[in-house]
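Only one structure is covered here, and it is reproduced in the block below.
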Amino acid sequence: MTKAQFYIEGMTCSACSSGIERALGRKKFVQEVGVDLISKKAFVVYDENQASLEDVFKQIEKLGYQPRVATDTPNTFLNPSFLTPNVKLALVLLGTLGVLALSMFAPLLPLPSFLKNPFINGIVQLVLSLMVMHMGRNFYVHGFKALWARQPNMDSLIALGTSAALLYSLVLLFRAYTHAPIEGYYFESVCVILLFVMAGKRVEENSKDKALEAMQSLMRHQSLNALKIENGQSVEVPLESLQKGDILQILPGSYIPVDGVLFKGEAEVDESMLSGESLPVYKKEGMDLFAGTLNTTTTFQMRATHTKAQSTLAKILTLIAKAQGSKAPIARLADKVAGVFVPIVIGIASIAFLVWLVLGDFTRALEVFIAILVISCPCALGLATPMALLVAQKEASLLGLFFKDAVSLEKAKNVNHVIFDKTGTLTLGTPLVQEVRVAEGVDRLELLTLCASLEAQSEHVIAKGIVAHAKEQGIALQEVQEVQAKPGFGIKGVVGDQIIKAGNLEFFNLPNPFGTLEGIQVFVGTETQILGVVVLADSLKEGSKEAISELKALGVKTTLLSGDNLENVRALATQLGIQDYHAQAKPEDKLKVIQELKAQGKVVMMVGDGVNDAPSLALSDVGVVMAKGSDASLEVADVVSFNNDIQSVVSAMKLSALTIANIKQNLFWAFCYNSIAIPLACGVAYKLGIMFNPMLASLAMSLSSVSVVLNAQRLRGAHFKIRGSHENRHSS
């Protein structure tokens, strides 16, 4: 099976996207298909032995749409000609005003005498109407092709309604040519309908572009070239050629090309595209740098630790591509309704036409037929969910969050139990030296020098904490010979003229001269004597305590699961106010806890970052991973916190609740609108003097979809509200 991603031009409503999905889904060579109306992206999983991508494209073209091979952005295939959407809309407006001047407003205007001739007046209206229809020709091309393929959409409704008005106007024009009396033409209905529909579409497209802007801007953070240091000189090279270990020069105002560490110098880096925080982050030698972030101040050198394809930015862009093709359950329901909506509307319009025709009023029958086709709005149904989800994804990015699919964004609001891993999630994951104790007669700095010199030979996280502390103290490390590491116990080597060991108490097999100590203990000594002990502790992440408090306030239960020893886990749980905790938990133990909670009917969120968290993240209802997590955990998680902030858990739940509430408002409005508008267009309130003519119907339809789009925009600024709620709670 082969998976292909591409763009589809010409879709206007969810009936279009769902129609493409149904048409392709019926083909034997297609295993899976997904089409996103907003981003215009599509993917197809097909059997390459039975068909090619060209065959897939032919099926789409039969429906009246134009597939395009995927590039960096869906906007690259837009027509760059003079007839831009805004120019088309302006020409439609001018043409419509001309037709209205010749029809509805003719008695009020000083028109030339020859235009008062019904036939000549009709010919001029026809010419102007044909120009307007040409500007909106996509409605007819897509609409009639979709109708012919038995996948009618909103374009089909517009095409049928305006074509009926045009054909009847041509009949009236012929009657005017024969000097038969006529009451008027329907050219103004054709033009006004197209004007309102196209104006509504422009508002929708502008809103979509704004919502997509935050995602597409990430593309602009990806450099094409980098300055590589070769033989002491900086040489510009393609980004794809960079390898791990390459030394790069970063100039002020340039984007960091790949992930790495600061090698020489210092800098302030704008990491807002990852964390959502606007203030630059100070960086010194040895600190992490991320692709796509911006160097705001000085020139410095960095060492690449990842290639372009492995960078954090590349992972984000991959996640975005996957997320844009996903649909939430609530969106699938709306798509199903929209898929059958158009055929039902055509049926209702046809029945209403026949009823009014039987009543002996052909003109009224035609107006009702056109009004029903035009007033019905599958767009409102189709846009209700994807627009809200798209705006929510943008707001999530401003919170340093990314939802990998629409399903997780919908689920997060229902979470009622959160399980936390300890190291790297609630804590920094980098043990820091808390105290150094020495035996009688031993110098503290000398002991720290011996320990750090030895630990510098190890890549263990505890060793790094000790070495970092020694460097902060200004200690110069000594050379170590004959280094031997014993996993699970410690390390030893020759420093100067003596054998020095550093590790746990079992490594020495000697009594502990310092008594009970809390934290991670690294004993230092010779083969026969313990000279001292370095005590380390993993520091609590900023905001961890506040996040747990907020979850409690929301009525969400919390559990701490860790592979650490009972003493450390209990101490952390007590500090955070978590009553349910499990120590020395293996990956299978974590799975068991999640299974038990789910069996009790709990909606479980797992928050972690390590390789051993990957199975738990996959099993939970919503898996949240810190961005510095392993590739395995990033792959299976549902939500990624790129700012490594534990409060992202609360933010994800709050944003989910706001988004689903907005979607429900949109769907409620869309269903109510269609439930009321269609019967009124049928003429059920005719006796009360309420009747929609085609022009009013088109205005109502356009306002319906525009109102849904504008309501979705109310989610903009949600990140301010969520951040504000955190700050207000912490200050109180």
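Glycine is treated like the rest: Cβ placed from N, Cα and C.
Database features, via Swiss-Prot:
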- 1-88: topological domain 'Cytoplasmic' (TOPO_DOM)
- 2-68: domain 'HMA' (DOMAIN)
- C13, C16: Cu(+) binding site (BINDING)
- 89-109: transmembrane segment (TRANSMEM)
- 110-122: topological domain 'Extracellular' (TOPO_DOM)
- 123-142: transmembrane segment (TRANSMEM)
- 143-149: topological domain 'Cytoplasmic' (TOPO_DOM)
- 150-170: transmembrane segment (TRANSMEM)
- 171-187: topological domain 'Extracellular' (TOPO_DOM)
- 188-208: transmembrane segment (TRANSMEM)
- 209-336: topological domain 'Cytoplasmic' (TOPO_DOM)
- 337-359: transmembrane segment (TRANSMEM)
- 360-365: topological domain 'Extracellular' (TOPO_DOM)
- 366-383: transmembrane segment (TRANSMEM)
- 384-663: topological domain 'Cytoplasmic' (TOPO_DOM)
- D421: active site, 4-aspartylphosphate intermediate (ACT_SITE)
- D609, D613: Mg(2+) binding site (BINDING)
- 664-683: transmembrane segment (TRANSMEM)
- 684-694: topological domain 'Extracellular' (TOPO_DOM)
- 695-713: transmembrane segment (TRANSMEM)
- 714-732: topological domain 'Cytoplasmic' (TOPO_DOM)
What's the most sparsely packed of the recorded positions D421, D609, counting other C-beta atoms within 10 A?
D609
Range from 89-109, 123-142, 337-359, 695-713 with the greatest count of C-beta pairs under 8 A to the transmembrane segment (150-170):
123-142
With a Cβ cut-off under 8 Å, give me the same-chain residues at least six positions beyond the ends of the transmembrane segment (664-683) that come close to it.
330, 334, 341, 345, 348, 352, 356, 364, 368, 371-372, 375-377, 380-381, 383-385, 387-388, 690-692, 697, 700-701, 704, 707-708, 711-712
Under a three-state reading of DSSP, tell me whether C16 (Cu(+) binding site) is helix, strand or coil.
helix
Looking only at residues six or more beyond either end of the topological domain 'Extracellular' (110-122), which have a C-beta under 8 A from one in the stretch?
101-102, 169, 172-173, 176-177, 182, 185, 187
Take the C-alpha atoms of C16 (Cu(+) binding site) and the residue listed as 'active site, 4-aspartylphosphate intermediate' and report the distance between them in angstrom, rounded.
44
Within 10 angstroms of the C-beta of C16 (Cu(+) binding site), what count of other C-beta atoms is obtained when all protein chains are considered?
31
What is the separation, in Å, between the Cα atoms of D421 (active site, 4-aspartylphosphate intermediate) and D609 (Mg(2+) binding site)?
8
For the topological domain 'Extracellular' (360-365), what's the mean pLDDT in this predicted model?
82
Over the span of the topological domain 'Extracellular' (684-694), count residues by DSSP class, listing helix, strand and coil in order.
4 helix, 0 strand, 7 coil
Same-chain residue ranges lying at least 6 outside the topological domain 'Extracellular' (360-365) that approach it to Cβ under 8 Å:
183, 352-354, 683
